[in-house]
Structures are given as structure tokens and as C-alpha cells.
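Feature annotations, reproduced from TrEMBL:
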type	residues	note
ACT_SITE	C400	active site
ACT_SITE	H459	active site
ACT_SITE	D482	active site
BINDING	N522, D524, E571, E576	Ca(2+) binding site
COMPBIAS	77-90	compositional bias 'Basic and acidic residues'
DOMAIN	392-485	domain 'Transglutaminase-like'
REGION	1-43	region 'Disordered'
REGION	65-92	region 'Disordered'
Amino acid sequence: MSASTRPIRDRSTVGRFPSVTLGFGEDTEEEKEQPKENNAQKENACQQWLRKVCRCCHPKSNEDDNAETLVTGSTTDLDKEDEKNDRKPVTTDIDINGNRHIGEVVLFMKANKVPDFTLSYIFVFTELLLKVRSINLMKSKSGENRTEHHTNRYHGDDFVIRRGQNFQLWITLSRPFNPNTDKLHLELKTGPLPTVSKETHVIIPLVEALEGNRWEAAVVAQDDKRLNLSVNSSPSAVIGRYQLTVETNCANGPASFTADPANDIYMLFNPWCEGDTVFMDSEDVRQEYVLNDVGRIYYGTENQIGARTWNYGQFDNGILAACLYILEKSGTLPSGWGDSVNVVRIISAMVNSPDDQGVLEGNWSGDYSGGTSPTAWSGSVEILKAYHKNKGSPVKYGQCWVFAGVVTTVLRCLGIPCRPVTNFNSAHDTDVSLTTDVYLDENLEPIDHLNADSIWNFHVWNDCWMARPDLPPGNGGWQAVDATPQETSQGSYRCGPASLAAVRNGQVYLKYDCPFVFAEVNSDKIYWQKNANGTFTQIYSEKKTVGHYISTKAVGSDERNDITDLYKYPEGTEEERIAVETACRYGSKASAFSSSKAEDVSVEVTMDGQGPTMGNDAELTITLRNSSSEKRTVTLNSQAVVMYYTGVPKATVRKHTVEVDTALDWSLEYKDYKDQLVDQAALMLTLSGRVRETQQVQATQFSFRLRTPDLIIKASKTAVVGEKTAIEISFTNPLPQVLKAVTFNMEGLGLLTARKIKYGDIGSRASVSLTEYFIPTLPGPRKLLASLDCKQLTQVHGVTDITRPTERQLIVKQSLPQQL
């Protein structure tokens, strides 16, 4: 009798295997012993291979019928049974010895012309493996995950969470989970080369009880095939975008759930987590410095402080993606993105563009053709979206307050508490002397080519909040970080984070960039006179000139908060002098630092009210103060220059020499400065001279600006979400000349996206108004911002508050003037 495989109808046992083993093992002795029957046909290679990989379907002809349980019927019959039981037959998923699939078996058999009836024995028992069918991250903005993580305001459906905090998810499996025999764990991967040792490949084990402060997961509920997992993340986890996979294992083999971009996890810093380096313990400050998407930035001079509203928009659609793109484009390794100090340092470098094609190109020339004037920006959203959309091409143009506004947006978006800070009379030390040096010739005239140090009318940078485990205790908290490209730090244009505590105490040897920040806020201004032999002698010093009215927006209100005391001790106190002396010992001119000497004459410059306005004559008062009982007369050399707000002079508009014994009214006519003004309309008056009776040297510099008018914004009717609303913008030209090619800019989070309106010319002293329309998209308190830009006049802007007393009605309230 010929050896043959019995047809299915001859088999008596019906059913499904409780387990299936497919493998390539060594032949057993029984397999090696082939029955020798008359007329037996020798098995071909295909049949031998099939019998080895699937003995259940291709047994030897003499095997006992009751030795194994077989499946009867054709594949069509079983398919129908699967459909009746709501199961879908699968033919390509089960591994054979880890590297073969049933689909390959079938193809092999067909290629070798195995009869169709033989194929009917190939069945895939996928329900015996533990497979993940779907993952539900519970991403709803109103759900527990995003609400508890304070990420429900991020636009879009991405799963955004904060590190060091628990989150929940549901997993649907192919069959009920058996904790006694089944294994399951989660895996997260980020960056181009995920590595476990670098914490960019995270394996999250399933544990019986959660402990916290580590990566772990536990089953908290089971509903048939569905598992509810509670997951904890590490408070030091790398931030960024993670791919999520689920790995399972059981007696029948492993299975993996392929990563789906819809299940990607966006991990941020967490100021609400005590284990995170950016933790803040006050909800009010977290609301202000992390969640507030609108703020105020200060500018002007110490005597004329102005404020403008800025839309940070850190939750706007596409901003989180843009911020992560900035990190990626920096070329730094994602393994370092869990360190808040490192991330802040990266952002400080990447927001400017000189050496790394960062977000913004700085421009202080006054010529902004080919880009947007820095004074025209009202927020960060348009800038960041343009940078991302154009694949990393720097946006034109920015100056210090624009750099600071963008840094605030990026750091708040990533979860690091941040605020813009304005320092009035801000020094720029170019030679690490920790002093601001002014060089004069034999006639006490400034030597321009030597005066590289400067004092900016104002400079805006950022404070960010974090612990500093890399510094001695006591140096955590607020850190200064500056993205405006001024000087390099470790080869790149960046600055900070510098501990404010270290700056205050003159501990300039602590990283990062404390000497530069110290000089900005507390350097002495030293005057040097050239001698006949070419050397210089220190002739005078001013100890209270630099670092005044350091300002930021107050928590919970639009008021200005003076934070000078965080950067320096009160001027003239023993503590302040000790800090200066401590710092200067580490400067390049330590030997030049000298103690003060007795002086009985001083010169003071003052102005009336809020100071001169654009288009009018500028009037100041020079007062000679004599503390002695004898007469004193000073021969003063005065020089007025138009300058950039950075302290760099553009043009001298008036020189004058006069003798003063009491007081002098000084003025500068409009015709003298009108053709020389640049951004911010800044001017500086330099006075220098000697007291005739004592030969005491006197010198001082006084910066001021010409105030510009505000835009007046009014709503013509009550605004309603989803309905067209009219806004009227009014403006009066303060100049006795025509404003050419005027552009109005408008934007408002939840009200309208950035809009440019090319208005045209505005006549001399003329008043104009225009009406625009917008459709509110979001309820709640909102701000509508507008600015005017043209070559002849800059720094003109306005803001209107929109409040919501009811669910559907918005009431518009005009804001107070922004000049303080």
C-alpha cells in the first residue's frame, strides 16, 4: 500500500488545537525511521519540509489518529466559522521559528506545485497570540490627562503631557489578558538613534504597584480584552516627541504593535512636579509664567518707560511643532533635552541667526527692506510659523524685544517658566573689564573709535526659572538668558543661563556668562583721558549710572513690576560696593578699579513730565549742584547725538560750550534732529568739563527719547464669537511732514491671525481712521493688538481688551494709554 496523507473526511477528531508549535527542529528517531511498505513513494523535498514545519497538517502516514487533535474542514469552512464568530482569519502574522511567516509557507508550497487540498491544512491561529488591536491615549482636551497636565490649551489633537506626572491609557487586545502567563510592556523612542543608555529609548515595565518618580505602568482596570494602564514618567525624562509601541509575549510567542504617528506622545517640562528642575511652588506664578499667552514688554528710557503688549501664543496651532523643530535644527543630541539648563542654552543660540541659521535675523541699521521692521511685530506666532514653514530660513528682522518675545514663547511652550525683562541704562561690555569705559582726548572730547563699550537706553532679555544642580547651593531660581546676538559664549552667540543670585553678589566666576550680565546691570562707568604720551588716566567714575528700573510684567496684572533688587543690592550700599569690587577682581582691568574721592560739585540733567514728544523741540534742564559754601563755576561741553537704542551713535546734531554756575535750560529744535532719527527716536546728551576753582572733572551722559502717540482702537459694536465684528483704528500724525507708505498691522489670539493693511500716505499733522473686520473664534478675555510702521515714524502701537461676561457675548473695552 502506498504511503499517503489521509484526507480530512477520514479523520475522526474535530476541533482546534489549544496550542500550536511551528518550528525547525531536529528530526526525532521516529521521524527518521521511515516505514517501508511495498510500492511506497519517496517523499519529495517539499513534502519533507512541510512535515517538519507543520507536523499537525502533514503527519506521517502511520501516525495514530488519536495522537493529536486535528482541524477538519476546508479553509472556506473555517472562514465561514470565523465570520459567524466575528473573527477575521489572518494568514501572515505567525512567526515560524522567529523568521518565517505562514504567508511564506503558502507561497513556497504553491511555487512547488503542492496540490490545493494540501493548502487547506494551513491555518493561522492568531487568536492564540496576545496582540494589541488599538490604543486609546484619552487625548481629549477636556479629558483627565490633558486637564491634569495643564496641556488642554494646546491646539490640535496631539497627546501633550508633562514629565514626572501620571497619565492613563486604554489598550485593546486580541484576547483577555492573563497576568499569570502573559507579558506586556510599553516602549517609547525619540530622536534619530534611540538608545536605552541615553534615555531616548525608554522601556516601561508593567509593575504590580506604582512607586512614582520613574518610568512604570500598572493595570488599574480590565474589561474583557481592554486594559486600563496607569503610567508614570520620570521627572528627568527627555522632552520631545516619542513614538509609542506595545510589546507582548506569551507561551505562543511575542507580538509588537507598530508605532502609529497618531499615538505619538509629546513630553514637556513640568513646573507642577516637585522632582522637575523647573518646579515652581506657586500656582499664581505658574499661571503667569507658563500659561499666560499674552504679556507686556517695556521699552524707552528710565525716565520715559513705555509698554507694549505682546502675543506669545505658545498654545497656537503649529507652535509646539515649530519649537521642537528648533531643537532638532540645532543639531544637538536629544539625549541632552532632559536638562533644562542645556535646553535654555540651545534656545538662546537658536533664536538668533548669525552662526546657526536660527529663527530671527537681527537688524539695527534702520533699513528693513526685504523684511519686517522690528517695531512692526506684535507677537511671536507669525515669526515661528514662518521659520518652520520655510524650513529653517531666518525671519527678517528682529531686535532685542523681538528676540525676548520669541524666547518667552518657546520656553513657555516647552514648559519652562519664562518672562521678558527690560533693563534701562543697560551696559554692553566688550572687553570683559566689567566696567563701562569712556575715552576722552586732551580736550575732553569723546574718542569715538575707542569707545566700543556702550550703554543702551534699554535692553530686553529673559528670566527663566530652574534649579541649578551644576552650581553651588543657593544659585537656583531665576536665571538670565539673552538671545540677542551681542557677544559669543563658548563659540556661539548666546548668553546664559546666568544665576541672578550670582550676579547680585558679584560671583562672576559661575557659569554661564555671569560677567556679561553683571556688567549690564551694575558696572561702574569710568572716564579715561588721553595723556600727551598716548597713555590714559582715569579721571572720573560714575557708580550709579548702569542698571535702572529693571522691569517685567507683574503676576496677574498688567502693572510693571520692578525687579532691580533681584539683580543688584541698592545703589551705594556696602553690599553693592562689595559685589562690584568682587566682580571687578575677575575683570580685564582689575587694577583700574579705584575708590571714590571727595567731590563737592555734581551736574544733573532733568526733564519735565514724561519728556519731549515727537515732532516738537526737546527741552531739558541742566542743574549744577554745589555742596560747598564757596562759588563754583563749570565750563561744560555739551554734545547731543541721535543714537540707536543700543547706545551706538548715528549722528551728532548739536555741540555747545557754556559756563554754568546754577542751572541752564537746554533745548534741541525739531529741525536739528528730524532728518537723523532712527528707531526708538533715541538721543543722548553728553556733558563734560572742569570746575574752574578746583579743577574737579565732571562728566555725565543723559539719554532720552521722543515719545510717539498711541493708536486708538475702538469696537463699533459688541463682538460675538463666530460673528463678523468691526474695529476702528484712529491715529494722528505728530510730525510736520508726510508719512510715506504707512502699514498697519493687526493680530489677536482667538480673534484674528496676523494681518497687514497697506494704508498709503498720511499727511502732516493729519488724523486718520480705518475700519477692519474680524470674526472671534475663541471665548474668554482677549487682546486685539495693532501697530503702525513707516520709514518716518516707528514704535506706534495700541491694544484693546475684549472681555466675556456671558457664554456667547463679548464686550470690548478700550485700554488705557500704554505710556507709563
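We count from 1, first residue shown onward.
The backbone N, Cα and C atoms fix where each Cβ goes, and this holds for glycine too.
N522 (Ca(2+) binding site) sits 20 Å from C400 (active site), taking the CA atoms of both as reference points. It is 9 Å from the Cα atom of D482 (active site) to that of C400 (active site).
Per-class residue totals from DSSP over the domain 'Transglutaminase-like' (392-485), listed helix then strand then coil: 18 helix, 41 strand, 35 coil. Put simply, C400 (active site) is 27 Å from E576 (Ca(2+) binding site) when counted between their Cα atoms.
Residue pair E571 (Ca(2+) binding site) / H459 (active site) shows a Cα separation of 20 Å. Considering other CB atoms within 10 Å as the measure, the emptiest surroundings among the recorded positions D482, D524, E576 are those of E576. Within the model, the domain 'Transglutaminase-like' (392-485) shows a mean pLDDT value of 94, rounded to a whole number.
Distance from the CA of H459 (active site) to the CA of C400 (active site) is 6 Å. Sequence-ordered, the extra residues of this chain that approach the Ca(2+) site, with Cβ no more than 8 Å from the Cβ center of N522, D524, E571, E576, are S523, K543, K544, V546, G547, K568, Y569, G572, R577, A579, V580. Note: the CA-CA distance between D524 (Ca(2+) binding site) and H459 (active site) rounds to 17 Å.
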